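Below is one structure; the comments refer to it alone.
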Amino acid sequence: MVESASDETVLREAVALASLAPSIHNTQPWQWIVHPEQAELYADRERQLTATDPDGRSLMLSCGVALQHAQVALAAAGHPPEVERLPDPGQPDLLARIRLGTPAPAGPDLVREYQSMLIRHTDRRPFAPQYPPQDALDELTSVAEDAGAHLHLVRPDQVTLVNLLVSRAGGIEGDDPEYRAELAAWTHRDSADGLPPDVLPSDEPRRVPIRDFTPDDDAEPTEVPDAPPVADEYARYAVLHGDRDDEPHWLRGGEALGAVLLAAVRLGLATSPFSDPVEVMATREKLARDILAGLGHPYLVLRFGVASPEAPPPPRTPRRPADETTRVEPE
Ligand SMILES: Cc1cc2nc3c(=O)[nH]c(=O)nc-3n(C[C@H](O)[C@H](O)[C@H](O)COP(=O)(O)O)c2cc1C
């Protein structure tokens, strides 16, 4: 007789896979505790970017993606999970408890979602000269809705304003020595977290500039380019947003982000997130008012496109080993 794996083993394997989740500056700000019958997800506040993300919005979004990835891993292994979010008001950093539900074989959609999780990565390279199909983008908006958040597809007439807001946020943050020190500490590193130099963006003019990972303190603010050609002419942009600007909604927003990013892989689209316009209050408020028409709280801007077919995929960003992010607690 083949013995089935214990709940603890199944949970341990799933939370190890959840480390593939994207996170702000690849901080991987999560800590898992695996008990014999449940896993607990905690926010690791030591890894919060205090200058860039003082509210913890991006930290919560990142943990939300990890939670979504753990659920995908469990469901794909035939163990659809039961999840309790923010179960203990006395422990605000305990973000979720996960237990195994009734076993059920994974269907092909789940298997595809699982496979997408294994290969997804942020792609900051300029995209190919080909628009992402509208029906694929529409599908991403329904995926976000189903997962408890919203995705606003930026209209062509709104892209100039998005460019302006992203550029302005970059200028404001770049003037802040604490922001620059934090960015320097988390980039160009050869470690299991943070960003290695080979995944950072090239500096050609873009339709909307990707975060400047090496800002100068005396740099001039980036001007909106007024003459083509600029890279990313065929990119589409979207704003992930939610009904409230608080931790429970950011966590849900992160789960929706995970679902959207995995669906994008299935639909053949490359993605990269921009959190800089949300990190600065003035540009966040303008995103809410002028791009979302006051109908939601912005969490993150996303860039979608078709990856250039000639270029090899960008190198993978490393992850911390499971024994650093997970503690196993015997009964
Ligand atoms: C909440 C959040 C905010 C992010 N913000 C940015 C950003 O402003 N600019 C950027 O280039 N990448 C951003 N990223 C992408 C991360 O840097 C990336 O996910 C991480 O380095 C891991 O790499 P991977 O996505 O290729 O696995 C963000 C990711 C998340 C989850």
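The backbone N, Cα and C atoms fix where each Cβ goes, and this holds for glycine too.
Taken from TrEMBL as is:
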type	residues	note
COMPBIAS	203-214	compositional bias 'Basic and acidic residues'
COMPBIAS	320-331	compositional bias 'Basic and acidic residues'
REGION	190-228	region 'Disordered'
REGION	306-331	region 'Disordered'
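For the compositional bias 'Basic and acidic residues' (203-214), same-chain residues at least 6 beyond its ends with a Cβ under 8 Å from one of its own Cβ atoms are 124, 126, 159, 162-163, 166-167, 170, 174, 183-184, 187-188, 195, 222, 225, 230-233, 235, 237, 272, 274, 276, 301, 303. Helix, strand and coil residue tallies for the region 'Disordered' (306-331), in that order: 4 helix, 3 strand, 19 coil [DSSP]. In the compositional bias 'Basic and acidic residues' (203-214), helix, strand and coil residues by DSSP number 0 helix, 1 strand, 11 coil.
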